[in-house]
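These came from TrEMBL, pasted as-is:
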- 593-767: domain 'SSD' (DOMAIN)
- 1-24: signal peptide (SIGNAL)
- 268-291: transmembrane segment (TRANSMEM)
- 353-375: transmembrane segment (TRANSMEM)
- 598-623: transmembrane segment (TRANSMEM)
- 635-659: transmembrane segment (TRANSMEM)
- 665-687: transmembrane segment (TRANSMEM)
- 717-736: transmembrane segment (TRANSMEM)
- 742-767: transmembrane segment (TRANSMEM)
- 832-852: transmembrane segment (TRANSMEM)
- 1105-1127: transmembrane segment (TRANSMEM)
- 1133-1156: transmembrane segment (TRANSMEM)
- 1177-1206: transmembrane segment (TRANSMEM)
- 1218-1241: transmembrane segment (TRANSMEM)
Amino acid sequence: MTNLAALVASSGLVLASLASSAAAAVYTPKHEAGRCAIRGHCGSKSFFGSQLPCVDNGPAHEPDDKLREQLVSLCGPKWAQGPVCCDAEQVDALRSNLKTANQIISTCPACKDNFFNMFCTFTCSPDQSLFINVTKTMEKNGKTLVTELDQLISEEYGTGFYDSCKDVKFGPTNSRAMDLIGGGAKNYTQLLAFLGQERFGGSPFQINFPTSYGDLRMRPLPMKPKRCNDEDPSFRCACIDCPAVCPELPAVEEPGSCRVGALPCLSFASVATYGLLVLACLAAAVGRSLWIRHARRRTERLRLLADAAPSDDEDEGDLTENPAMFDRPQNAYAVNTWCDAAFSRLGHAAARFPALTISGATLVVLVLSLGWFHFELEKDPARLWVSPTSAAAQEKQFFDDNFGPFYRSEKIFLVNDLNESGPAPVLSYETLTWWMEVEAGIRKLRGPKYGSSLQDLCLKPTGDACVVQSVSAYFQDDPGFVDPRGWKDQLRSCADSPVECRPEYGQPLEPNMILGGYAESGDPADATAMTVTWVLNNHPEGSSGEARAMDWEEALKYRLLALQDEARERGLRLSFSTEISLEQELNKSTNTDAKIIVVSYLIMFLYASVALGSTTLSLRDLLRNPAVSLVESKFTLGVVGIVIVLMSITASIGLFSWFGLKATLIIVDVIPFIVLAVGVDNIFLIVHEFERVNISFPDDVVEVRIARALGRMGPSILFSAVTETACFALGAFVGMPAVRNFAVYAAGAVFINALLQVTMFVSVLTLNQLRVEDSRADCFPCLQVKSARIHLNGNGVPGSTARYYEAPAESLLQRFIRKTYAPALLGKKTKAAVAAVFLGVFAAAVALLPAVELGLDQRVAIPDDSYLIPYFNDLYDYFDAGPPVYFVTREFNATERSQQQKICSRFTTCEQLSLTNILEQERKREDVSYIASPTAGWIDDFFQWLNPDNEQCCVERRKPCFWRRDPGWNITLAGMPEGDEFVRYLTMFLKAPTNEDCPLAGRASYGSAVVVDADRTTVKASHFRTMHSPLRSQEDFIHAYASARRIANEISASTGLDVFPYSLFYVFFDQYASIVSLTAALLGSAVGIVFVVSTVLLGSPLTAAVVTVTVAMAVTDIIGAMALMGVSLNAVSLVNLIICVGIAVEFCAHIARAYTFPSLTFLERAKNRFRGKDARAWTALANIGGSVFSGITVTKVLGVAVLAFTRSKIFEIYYFRVWVALVASAASHALVFLPVALSVLGGQGYVDPESDNPGGLEQDLASRRYRALAPEGEFSDEEEDDEE
């Protein structure tokens, strides 16, 4: 049964074929050479339709002279003889129909010849019946009109025809000519199918192009196609239209391409170096161990030969003085002595005249704060992140001045991704009709203040039609044209051939410009997202035109916000952005963290109050006499410390506001944290040192004790303040205003804060100490707490006048550091382990440096609840087109032939490496160049516009401009205009309206692209437009900008022209062209400053080098942590890294100074455990380690912990994460690595003038007093020798 059915079906097909052939034979019965198939015009299907040919199977006829002349002028010299199958009316119609195609493809002679040859042969060949067979007709007015026919084209000719035209570009629209003449065909069969399709504006009847035919009498004509790289130079196309004739550009070496296997070269070098170092150290350790074992055995053998009994002459007694004291510094350092004396005098003056000091400091701050009346906040992103002197800023200004500001863009995405099952097609009949109504409403929308509408503001390149890129254009923006059943087919048809569904403004809309999310299926009907763009004219800043546009955009924003709810009801999600959106969202009040700042200050105040009070108030004393807390509390000091921080901030902002330096939101948000962290640290150090002085010199008056304390800590504060201020001030050399202004404000605040601390705070500390000694309550100094007075022996007898500070207790932290931590850290094995671990972390951080990304995602800079975040997500996910890019020429004299040849590409004498040729070659390596579309070259289109064959283009006195010109128009440029004539014709070209008759005319595409200076007979400025490939990440944007810079430089080098690239986003990404080198320079300078300041203030280049290396290692570890935590390098993180250098110095400075100028009281307590550098390292930790931990590390931990609750993504990423790394790295390096490094590599020490008056009776009594107050057995443990 199956075979029978197949046989019947096969028979049916044969019968149907025979019937078809019989029917066809009625119209074209004879197929032989010299016989026609069609001839002449017999009428049209409708009143507005084009003429259809008549059925005519008669012999070809010889044309008259006029027809012969017409045919030769249109189709070429091969038609100069022989009969034809066409008449004059057909040739006129053919000429008219080929005019538009000629303007599109005439730049490539081979493509044009193949195109014209095919249609000339089809119309007039004397052998029509051999390759044409009429299959359908209609009768009208007694005539038989052809409505459908078959035409045979050989595969050789079809393929050659397509290949010669597939790369031809049409400059005015930045598109391929194939999109216009072939509907975007991908092969020759699609091209022929498009050309033969019956449609309005195309073929008036259906032409089929079968690849095989049953009638053996028919065959394709043996026509040979011309190649774009044809041997005949008269048919050879230019490089821009024919890749085969293009020169090969040199390969581009991408940055970071140096790799060893999977690792970047730097990473490999770091890991390898560390590995070799570890192996060398292990080998040395093993060798040393073997040598010691050998030496020990040898010594034992010698002992057996000697008398082990001690000599009577030997002194068997103990040393009368600690051996470590033999290593104590003997010399003073002049700079330190001077600093000590200066700070002592300053402290004595501030303590002697507290009221004058406080009031004077307050007055100065008030005067500086008057600058707040000149305070301005900069909100414009371009002015914040772009240096006005940078190349990108100057180029943007040049572009705006000459071509007008870049147009304004309003864009939405409509996405169907709310379903639990996942994304689904966004388009449906209901969605399309609803959206068209929405667009109609937006066209009627008016600004609330000026009443302007879209029609008043939009970009109109070809007349009155606004540029609106929407899928609605595929349906003529009319819901009536949306077929409920056939809309998908229409959508697919328009997506396949956008030229057939052009919007009102005339430019074909590629589907990737309006649809997204259908890459897998390839069916535009499956798109999960659609996007719509409204394009508005832009105007100079501050102009009325800009105000009107912003007014309308405000109305549009509120309409779209309301539309989001409508979309949600339909199961869709709408995201959008207007031109004003980004700046508004960046500067929203919700993008700041005022609450976080307040909370951090409160927490720091509470911690400072409690921690400062704990220096003289232990839990045991509090339980024994609770009234003591009222006196020993330091809430007032905590409040004053916070107030001083706020005063320094207001004074700094006021000072620089006097000079017109604008603040930014980063300054407002970040500087309070920085100054708080730095300021509170110094308060702790001053108070802790003052309490030590109270213990050592209890009988001195308060002024003298204050002078001693400040003399001791002042140089340390100077050390950290100078380095921090200098490091922050380095940022002033950065061109970006946001970075520069921040650096200046921060440096000023830190410096003013340090001044207030060594003056105003010292005065307050003096008053507080007087209050304590008079047993007056904290916060209520008028109230005296008599019950808080106790005797030195702790009897608590009422009425005692003894001072409470004479009975302190060492804190658990200090005891732990002195007895446990410091001795363990300075053991030999521990030192080796510390060095191995820290160097390993450093090597890992260096290896991670290439992994640090560049960029600052817009989604990070705006509030988490911003409506722009979904928009940016959709932009990266669904938009498949890149931003436009312009290559701009400055002061280019295009009136000279030699200069014209440097920028043209479609003529035989153009330079091979001309501007447009280079851009075309770069387009072919899109993965490197990020250039995706053909270049719109105005000079090529201008010269084509002059072509007299384009009769409707350049017309003078009703005739083509170059008609019968001598020398005539030709592809060698020989007859092209120069000098004044060039300027005259160019001006005409730029004003000529772009329309169907002359799509080459320049008003739409180039009206604002060329600035002609008629007085100087030159072109002041011009641009060549192309498009970037889709950019979906910060890395893409950065690489695209770098690539454009490279291309512009190569063009300038090749042509000698002044060329630069411009795109709207370039000004924001210009920083990344130099940010790596800038970061290295600034951090290197900061580290250099650290070394210089350390050398001057410490007096030892060795110690300074150790401190500098430690700071450098800490900062390098922070950069490595940035790679792991996803923190990219940009202006914000660069500022943070500069801050990290300054704060890392603060961690290290006090340890280093305590090592260089050791306290003799602590050094004497080192006993026999440590000698030399180890003794001074132990002294530094025991003396100042507790203060560094509680006063610096803990305060920073508290401040950073608060940032964990920030709502701002930029704070969370660029401040919280970086500062967590800062605290961990700086604290560990200062408290672990630095003491070890100093104990091994540190320089010499010096006598500190304020180190308890070394060698005197007073120092001995103070030491004895300290010992007496310590718990029993505290010092006996330390007298035992360390076994190591």
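In case you wondered, yes, glycine gets a Cβ from its N, Cα and C as well.
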Could you tell me whether the transmembrane segment (353-375) and the transmembrane segment (742-767) have 3+ CB pairs under 8 A, leaving out pairs under 6 positions apart?
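Yes, these stretches are in contact.
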For the transmembrane segment (832-852) against the transmembrane segment (717-736), do we get 3 or more Cβ-Cβ pairs below 8 Å once near-sequence pairs (under 6 apart) are dropped?
no
For the domain 'SSD' (593-767), provide the mean pLDDT of the predicted model.
78
Go through the chain and flag residues at least 6 beyond the ends of the transmembrane segment (717-736) whose CB is under 8 A from any CB in it; none is fine as an answer.
339, 343, 384-390, 678, 681-682, 685-686, 742-744, 746-747, 750-751, 754, 757-758, 1071, 1078, 1082, 1085-1086, 1089-1090, 1093-1094, 1097-1098, 1131, 1134-1135, 1138-1139, 1141-1143, 1145-1146, 1149-1150, 1153
Tell me if the transmembrane segment (635-659) touches the transmembrane segment (1218-1241). I count contact as 3 or more CB pairs below 8 A, with pairs 6 or more residues apart.
no
Which bits of the chain, at least 6 residues beyond where the transmembrane segment (1105-1127) starts or stops, bring a Cβ under 8 A of a Cβ in it?
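Tertiary neighbours of the transmembrane segment (1105-1127) are 838, 841-842, 844-849, 851-853, 1083, 1087, 1090-1091, 1094, 1098, 1133, 1137, 1140-1141, 1144-1145, 1147-1149, 1152, 1213-1214, 1217-1218, 1221-1222, 1225-1226, 1229-1230, 1233-1234, 1237-1238, 1241-1243.
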